[in-house]
Every structure is written in C-alpha cells, then in structure tokens.
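Over in TrEMBL, the protein carries these features:
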type	residues	note
BINDING	A141, G142, P143, G144, T145, G146, K147, T148	ATP binding site
COMPBIAS	90-100	compositional bias 'Basic and acidic residues'
DOMAIN	120-421	domain 'UvrD-like helicase ATP-binding'
DOMAIN	422-530	domain 'UvrD-like helicase C-terminal'
REGION	84-119	region 'Disordered'
Amino acid sequence: MIFSQLRQTSRCLIKSVKTPQGRSFRASFAYRDRRIGRYAVPALKRSITQMFVSRPAVHPWVGVPLASRPFLLPLSAGPGIRSRFSLKTSAREGPEDEKPRKGRKAGNPKGPAKGNSSLSALNDEQQAAASDPCHAIYVKAGPGTGKTQMLAARVQYLLEKKRSVLVFTFTKRAALEIKERINSKSVVAATFHSICLGILTSKDYNIEDLGTGHSKNFKLFDEDDAKDALKMALWSRLQGQASLETINKLTDTLMEAFKVVKNLRPTTYKIDMAQVFQEALDGNKISLNTISDKHVPLLDAAFLAELFGLYQRELLLNNALDLADLLGLTVALLQEVPYVRRFYNNKYSDILVDEFQDTNPPQFALASLLKGDAGNIFVVGDADQMIYSWRGTDSTVMGQNFQSRWPDCSIRTLSENYRSPQVTLDASRAVLYHERAVPPDYQPLRASAHKPGGVFYVAIKTPKEEAHTTVSIIQKTLSAGMCFSDVAVLYRTKRQASRDLQECLKDAGIPFIILGSDSLWENKEVRLHL
C-alpha cells in the first residue's frame, strides 16, 4: 500500500490509499484542534497500515480478494474528536473481475438500470401505481417490492408530462438516490426538514407576516443549544431556588416531552398547550421522571404548558428554532398566510412522499398544504416497517387520515418481492402477526422467483455457546461456496458482539467488521500505536 494523497484543513484530514489491485480506500478524520491532528496523523497512518498489511493474525481479511471484503462504516470518535473515521472501498480502474456490475439492480431482474425509469421496465403492479391518474394515491409497498424504483419511475413519468415535482424523503441518502435514478435537475427531492428550511428562508416572501416574531435570518438550534435555552427558562421560573442537579434532571425530562408534544399536532402555534399536554399524559405519550424537590411544582398539564411557553419565549429571544419548530412554523406559515400557500401550490403540481408510514402530523399537514386543492399527492409506505412511533408516528392513523382527507383516493399495493425467498417472507409474516390481527386489506408478499433459503431457530443458553454456534453456521455457509461479504450477523445489543463473538471469529480466521462499534481510540490495535 502507498499513501497517494494528503490534504489537510483546519477541520478535516483526508487520506486516500491506493492498492496495487486498483481499488482505492479513503479515510477521513475530523478533529476540533490542529494539535490533535498533528499528533494523531502518524498514529492513524501506522494503524491503518497495521490493520491491512502487517498483522494478518489479528485482521484475517488481509489476502482476501477485495471484492469479498466488508467495509468499515463510521465509528464514533474519542475525546476531542468531533466527526468520524471511516474507511470505504470504491472501484477505480481495477481488474475486470472486480468491477461492479452495471445495469439492473441486484435481486430485481425486472427492474430498470439506474437512470432508466421507463414504465415498460416495471411489473404490472408497479406500472399501475406509477401511471395512476388519480389526484391522491396511496401505494402500500412491502419490503423488496421495488418501491424506490417505482417511485423514481413515477417521477420520470410526471416529468415527461411537464409536471413540477417535489419529493419528500426521510434521509439525504434516499433523496440523492432518487435524483441519481432520474438524472434530472428539474426534480426537487429532499428531507422534510430541508424543504422546511428552504421555505422559511425564501426571499419570495416574508415570514414576519406570520406574526410569531421570527425573522428570516433565524438560527437553528441543535440538541445542546435547545437544552441550554430550556435551562435558562427553568432558572427564570424557579428563581434559582432549585439545585443544579434538579435543573439538569428537569431539562432532560422536559426536552424529550417537548419533542413528543410538538409532533402530536400539525403545529403548536396559537393552540392551547395545556390541553395538548393533558392529552399526552392521558395517552401515555410522554413519561415524566419524578423530581424530588420541594421547589418544583407537580408536573401536571398546566405547569408543563407554562414551562413550554417559557422555553418557546427563550427560543424567540434568540430568534431561534429547534428541529421540531422547523416543521411546525412552516405548517403555521402555510396555514395562516394564504399568499405563501398559493405560491407553493402554483410552484409544485405533484407532491410525493417516501416512507409515508413514518410521517407524523406536522409532516402530513405540510404535504397536504403543499398539495392544495388542485394539486396531486402520491405517497408510498408500509405499515409493517414503521420505526418512528416514539416520534408521534402512527401508520394506522396516517393511513386513515389519508383516506378520510381524500375519500376518492386510489389505493395500490406492491406485493411481488424480489429480495427474499418465499420461506423468509412467510416466516416474517408469522412473526409480525403472531400477537396482532391481520388487517382485512392485507396482501401477503410473494417471491418473484424460487430461491433457495431457509429459516432456522436455535435455542442458546450462554453467550459463549451463541458465539461458537454463530461461527459454526458461518463456516458451513462459507464451505458451501459463499463469500465473506455474503454473510451478515444481526444482533440486538453491542454486548452480543463483544469479546466472545469477536474472539471466535478471529480464532476461526473469519474476517469481520462491526458496524457502529466502539470508539476508534478504544480499539486495541489502534491503542497499540498511540
């Protein structure tokens, strides 16, 4: 290995490592202070070299073909480190057998190549959904059914009809994938928060017309800034009588409660917050830790609403918003200022929402307001894949709200799975609906083709036995002709991937990478060189 490039700025060091096989590795390392980088760079260089060249006994993936190696995702940084360390592979002029395959997406033989989203390349269900002329369309798409491909095809279909399209996604990566598949600069695809930030900072109107006191050059507070504002509000209310420990406990408790409450309504502006808090308490939406301090009143709905108001006032004094306010203030702006709402109704003819099952009331209200009366809305989701219930999301309610909001909506279902064998699909369905009723409109997933596979259940008593059993299964899989990179081990907690499993894998000579593992500086091989 040779280090081919070194670029350093005050915040970021980027090193590119090129191998004789033609693959390149990029490592990025961000730090707060130049002095940290000055002493860490040589150690980091030695660590990478040791990891991939001179310590095969510790890192048994050395010598394994590059195409079969796993990749290292971002690790959490140690003290004084602000960003991350990552190591990823990318193909650059490598041997012919190591170049990534082009064309159709793996596991979906009927799918189109990236950038080619013509409807003719979709299956019948996908075509019917992507070309549906209804003004409100709800597509229920299970895992592996080509949801993203169909969504991209829908966007391409609308662009060919000279429509103006806005796509809401839940991650920047998903938005980027949509844009790459479409390969068009005329589509706007971004996260909800990014769209809201653009609306609130637009020069086409003044958000001062809303009358909340915020100006266009507002600041966006992160978690730490928001907690500081809440602490100031608590000190002003308790008049400095409560202890610092009590204030800190209250801050953590109330911060989580305020996040939840702000997502229970489309917006928290100009509404009775005492009633909202009472409903949240009655429905067990928020949990409040008991504060044993005589200077702190009972955390009932009235007192919570009072503290909420003080927190919002503190944000306003700083002309600041937290992330939840970014959604709520945008919804309030579109609701209360008609000319702003008309501006966006005329700007976008079609609103598309990815991962609809994870939308909360503010996000649903935002999409509805942007659609307006004459626009179109197209949402894609799967109730069984909901992961944001703690944030006010309820997939059942969202589905009911969609159908009650637009009674003449069109409901489509994608049920052909290109990812898994039928036995896996049947097993997942049995687990999902083991203790809850199957919805009357539920359509089970079916595999697109017969694929080998199976589901095995093994009862394990101890962590060591679990580790040895896991390694034994992996070895049988490898002996059947599969590559290291074809194997993944999922676990609930990091403790399950701790010493026992790692030692068993190393003893067996099996290469592995633990995604989201401990700090780089806590790694034994790295500490050895520091």
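Quick reminder: no glycine exception, Cβ is built from N, Cα and C everywhere.
Note that TrEMBL annotation is computational and uncurated.
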**Message:** Treating G and I as helix alongside H, and B as strand alongside E, what does DSSP give for the domain 'UvrD-like helicase C-terminal' (422-530) in helix, strand and coil?
**Reply:** 51 helix, 2 strand, 56 coil
**Prompt:** Can you list the residues of the same chain, besides A141, G142, P143, G144, T145, G146, K147, T148, whose Cβ falls within 8 Å of the ATP site's Cβ centroid?
**Reply:** M150, D382, L414, N417, R419
**Prompt:** Among all the protein chains here, how many other CB atoms are within 10 A of the CB of G144 (ATP binding site)?
**Reply:** 19
**Item:** Least buried by Cβ count (within 10 Å) of the binding-site residues G142, P143, G146
**Value:** P143
**For the domain 'UvrD-like helicase C-terminal' (422-530), mean pLDDT (0 to 100)** = 80
**Message:** Taking every protein chain in this structure into account, which of the binding-site residues T145, T148 has the most other Cβ atoms within 10 Å of its Cβ?
**Reply:** T145
**Request:** For A141 (ATP binding site), write down the residues of its own chain that are at least 6 apart in sequence and whose Cβ falls under 8 Å from its Cβ; none is a fine answer.
**Result:** K147, M150, V380, G381, D382, T413, L414
**Item:** Number of Cβ atoms other than its own within 10 Å, given for K147 (ATP binding site)
**Value:** 22
